[in-house]
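Data block below; observations after.
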Amino acid sequence: MDTTQSARLRPSEAAKGNGGGVAPSPPRRTMSPNRTIPYLPTPTEMLAFALYPALLLFGSAFSLVSPETRAAPYDPVAQAHVQDPSVAPSYFARKSNIINKLFVKQGWAWMTGAFVVFVLTHRAFTSGSAQATTRRVKAVIRFGLATSAWILVTQWFFGPALIDRGFRYTGGKCDAAMASIEGSAADMDEMWTAVACKAAGGRWKGGHDISGHIFLLALGSGALLQEMGWVLSRSRGAKQEERCVVMSDGAVKSASVECLDIWEAGASNEGIGIGTKVAAGVVVLSWWMILMTAIYFHTWFEKATGLLVSFSSLYAIYILPRWVPALRATHPELTMAPMKAPSNLPELVRSAFNKAKTNGDLTHFPSQGAVLTANSIPFQVRFAPSLANKPKAPGPDPTKPKVRHDPFADPPAGLKVCDLEPQSHFLVLNKFAITPGHSILATTENKPQSYLLEAADFSAVAACLRAYKERGEELYVFFNSGQHSGASQPHRHLQLLPVEEMKVDLPSDEGPAWDVLSKSVAVADGGEVTEVEAWPFRAFAVDIDVASMDDEKLRELYLELYRRACRAIDDYAAIKGYAVVAEQAHDIGITDGEAWISYNLAITESRMVLAPRMREGGELTDAEGKVVGRLILNGTVLAGTALVKTEAEWNALKDSGEKLEAVLVKIGVPKL
């Protein structure tokens, strides 16, 4: 349940609160220790679940100070006040109260019903996208595990339930002293369940009986909170539309390239849906009955152990999966073997490229290059005129259902380079290549491009980088995520460019020498994340060593870069008085799922750089100020490269780096 009470201001609200001016800059946030300790719940989870022991403490204290409760007769065996209405201290001290009979006694049915209504009605699960289906399946699995925990503890565990077994193992038994049935006391003594004992007229006494009510209510409401929390935190107050950030000219833009896209399954502004209301109602009713149980039933130790068992179950289902990777990182014997690429990978790529080019399986677009200086940065610009005539796929047939083609689902044999072992990733050539040897590292399973990268992705990248390094060659790897990053395919893939091929046909007799830009940035010693100072947009870098770092360490550094980028987006939005959109990601430390921002990631054998994106590109003008085209930039911008298709765009850029710099300033988070 990764939620925070983040400030989400509309432009009009920010203006009203600041006299119509620009909102003041928020204080710099510091990294919470929990953000780098996956073994613990997030701060919001701890805050939410602190309510449960608080209810127990308050209820116990109330039972001690309330004259009515202290004066009422109490049955220590039944762990309840005498049920006679004339002496019971409260209506809720009687087991016959309507909420106990209709709600608590059928508690898990209510929990399950609330979960089903929530999943079937909330847009997060019903938008029709592949991501929504995945969310729904995962939610059902998680709640199914919670249901299994409830069954094992209270209903059946290969015979008597755990709660009954625990009672017997701590010295409890079915006392036949009050029984009025046929059968011997020995028969009663052998009974292993409270239900059977009470049905036979005996009394279940002598052992430690954890509070089944506390367990059920805490487990069920906690599971509902987890399932609702992350969904509502990401869609709170947002339509299925874009939330915009003010641009450098102070205007509010509505075009998609100039706005931050809030999650595709955001809730509408028409109010909280019926599923959310039902689930929230069940949670609140559970809290009330936990308080009543705390005041009128069971000993403090029985209530505390009931809560502990429920929290242990919730930890195993909702927290444990987040720190298993960290466990593997600290216990090498549990770490999955690193992914392997063929040792002759550079030769395989070159051979496959030349063969595919000869056979017509791919198209290589020749280009000419120039090196410009943009804000003292050597930047490579390439002109590929034939790219403007790149063949386009035929338009959709209006008589057939609209289905988006996945080029990585079954790539042509002529473009396939190799599989990586184990086969979670494969390498395929770019069908339309500017740089010879441009290859694509795709996931075998169709995973979303918009989701955070996983440890296996970094294992695959590291394997390719090592294979090139062992042959004395360099590789530049980049990843585009989000609609403003230059991403074009939803199937997860990273792109690989041989650095020497990127330098081909650059003029060598004039101008500054060009090399991969992300390699040249200054970073702090000791593996600390550093903000890049020299670039016109905010970016963050860290030193790495693919020869020695495992995939978990690489992913840990990537996540830290991502969090810093999320904070940069939010700081800029807050300064401008617009919606804070990614506070969940950097204040809590979300480690999986859909990314909150658009960004580009660059990886070399010794450096990792990540830059948040707010625009996909910018307009280019000629000497008279006439717009002649639009420069679109993807992850190659972090290598210091740009590509144009028309001569007008080429002429607008090649004589001066100022126009290139003007576009670079716009694509990311400006430095203020």
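Any Cβ shown, glycine's included, is placed from N, Cα and C.
For the ranges 107-125, 449-467, the feature annotated in TrEMBL as transmembrane segment maps to 107-125.
With a cut-off of 8 Å between Cβ atoms, the residues of this chain six or more beyond the transmembrane segment (137-158) that come close are 108, 112, 115, 119, 125, 165, 212, 215-216, 219-220, 223, 226-227, 309, 313-314, 316-318. Contact counts against the transmembrane segment (107-125), taken as Cβ pairs under 8 Å, peak for 214-233 among the stretches 46-65, 214-233, 278-298. The two recorded residues His213 (active site) and His298 (active site) have their Cα atoms spaced 10 Å from each other. For His298 (active site), the same-chain residues 6+ apart in sequence whose C-beta sits under 8 angstroms from its C-beta are Gln79, Ala80, Asp209, Ser211, His213, Ile214, Gly306. DSSP places the residues of the domain 'ATP adenylyltransferase C-terminal' (535-670) in helix, strand and coil in these numbers: 55 helix, 36 strand, 45 coil.
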